[in-house]
Amino acid sequence: MYRAPFPAQLSVSDRRVIDNNATDVRVYQVWKGSNKFFLGGRVIFGPDVRSIFLTITLIVIPVLLFCAFVSRRIIYAFDNHLGKLIIFILILLTVYDLILLLLTSGRDPGIIPRNSHPPELEEDGSTMSTDWLGSQSSAGVPNLPPTKDVVVNGVIVKVKYCQTCMLYRPPRCSHCSICNNCVERFDHHCPWVGQCIGKRNYRFFFMFVSSTTVLCLYVFVFSWVTIKKIMAEYDCNLWSAFLKSPVSGILILYTFMTAWFVGGLTVFHLYLICTNQTTYENFRYRYDSKRNPYNRGCVRNVCEIFLSKIPKSKSNFRAMVRVDSSSLFGSTMSLARPMSPNIRKKSFDIETGKRQAVVAEDFEDIHSQIDSVGGLERCGTQPRHIIQCENSNWEISPNISVMSAEFAMEQGFKDREKVCKKGH
C-alpha cells in the first residue's frame, strides 16, 4: 500500500556541491539509534551496556567464593577425582553462562532499518483501517494511516506506523523506547543484559536464563553438601556448621534467593515458548481470551525457537555510506537557531526528510499576532522588500528554499516590530 518515495532529481550544481562535501563513513558511525558499538561496529550493545558488568559480577563472585573457600572441603569429602570433577563442572557452567550472556547482549536483536523518507500511497490492494478511511473523507489533506490490517494465519492483525522509523512495523515488531529502534519479534528490553530481546537473540537469552538457574542450583546443592559433611565430621548442629564455614551459609542464602528469580523467569519464558508468545504480547494482548495467530502447537513452537535458522541481520553496520557534510551542518544550524515561542513554524529535519505541512490555521495565528503588535495599517509606511532577479534559471534545492523562507519570515517580524516601536 505504501512505498518509499523516489529521491528528488538534483541539479548539476547541487550534485557537484554534494560530491565535494561528501564524506565516507561507516553505518554505525551515523546510526540514529541509541546503541553502543565496539570493535569497529562488529559488536552492538544497548545504551545501558554498563549493566552487563553488574550481571557478570553477580555471576562470577559467588563462583570465586565457592572455589576459594568451599572447593577444598568438596575435594576432601569426595573421592579425589570426583571432587575435582565437581569443581571442573562448576567452572564449565560459569564459562558457558558468560558466553551466552555476551551472545545475548552483543548482537543485533533484529533491528529493522529505518526509512529515510515516509512511505507513499501505492495502489496494491492492501487493506487500510476503516477508521482512517472515515477520517480521510472529511480531511482535506491526506496523511498516513496510523494502522494497517495484515492477515496472519486467517486472523486480522493491525500493524502500526512508526513515526520515528517512518515504516509500518511488521507483525510482532515494536519500537523500543530505550534503544530507539524497531525490533522484530520484540520481547522486552532486558536491563540485566543491556540489550533488547528480539528475534535474533531470544534463543540465547532463554539459554542464558536457564543456565543461570542451573548454576545457582548447582552452587546451592554443593554448599549444603559441605554443611552436611561438616555436621557429620564434627558432630555438631547446623548453627555450628555455619560458623565453621560461613561462606557456605552465605552462598546458600544468595543462591536460594537468586534461584527463585531466574528460576521463575525460566518457567515463565518456557510457557511463552510453548504457546508462541512474547513478553510484550502476553502483557498487552492476553491471548488467553482470544486466538493466538502465531501458535502452531507446542512441538512446532519449541522447534521454531531452538531449531530454526537465525535470520541474518538486516543492517550492515560496517558498510560504507556517503554523508553530505553541508547538509549535516545545515541541519545543525536549523536546530540551533532560536525560534519565537509565540509563533508556530514549519519544522523540518534535513537528515530524515520529515515534513510537517503548515495548515491554514497557522497562517491565521500569524496574522492575528501581527495585528496585536501594531497592525498592518500602522506599518504601512514601511516599503515591501522585493528582490527581483534577472536570471530566473537558478536552481535552488527544496531544503534551502524552506530555510530561506523561515529566515525571511522571522526577519520580517523583527523589522515590523522596530517600525511600530518608532511610530509610538
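In case you wondered, yes, glycine gets a Cβ from its N, Cα and C as well.
The feature transmembrane segment is assigned by TrEMBL to 52-75 (among others). Same-chain residues lying 6+ beyond the ends of the transmembrane segment (52-75) with a Cβ under 8 Å from its Cβ atoms: 45, 83-84, 86-87, 90-91, 94, 97-98, 101, 105, 192-194, 212, 215, 219, 222-223, 225-226, 229-230, 245, 247-248, 250-251, 254-255, 258.
When Cβ-Cβ distances below 8 Å are used as the criterion, the transmembrane segment (81-104) is approached by residues 52, 55-56, 59-60, 63, 66-67, 71, 74-75, 190, 193, 195, 197, 201, 204-205, 207-208, 211-212, 214-215, 218-219, 222 of the same chain, each at least six residues removed from its ends. Feature annotation from TrEMBL assigns transmembrane segment to 81-104 (among others).
The feature domain 'Palmitoyltransferase DHHC' is assigned by TrEMBL to 160-284.
If you look up TrEMBL, you'll see 204-227 (among others) marked as transmembrane segment.
As annotated by TrEMBL, transmembrane segment applies to 247-274 (among others).
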Item to complete: Averaged across the domain 'Palmitoyltransferase DHHC' (160-284), what pLDDT does the model get? Just tell me the whole number, please.
Response: 95
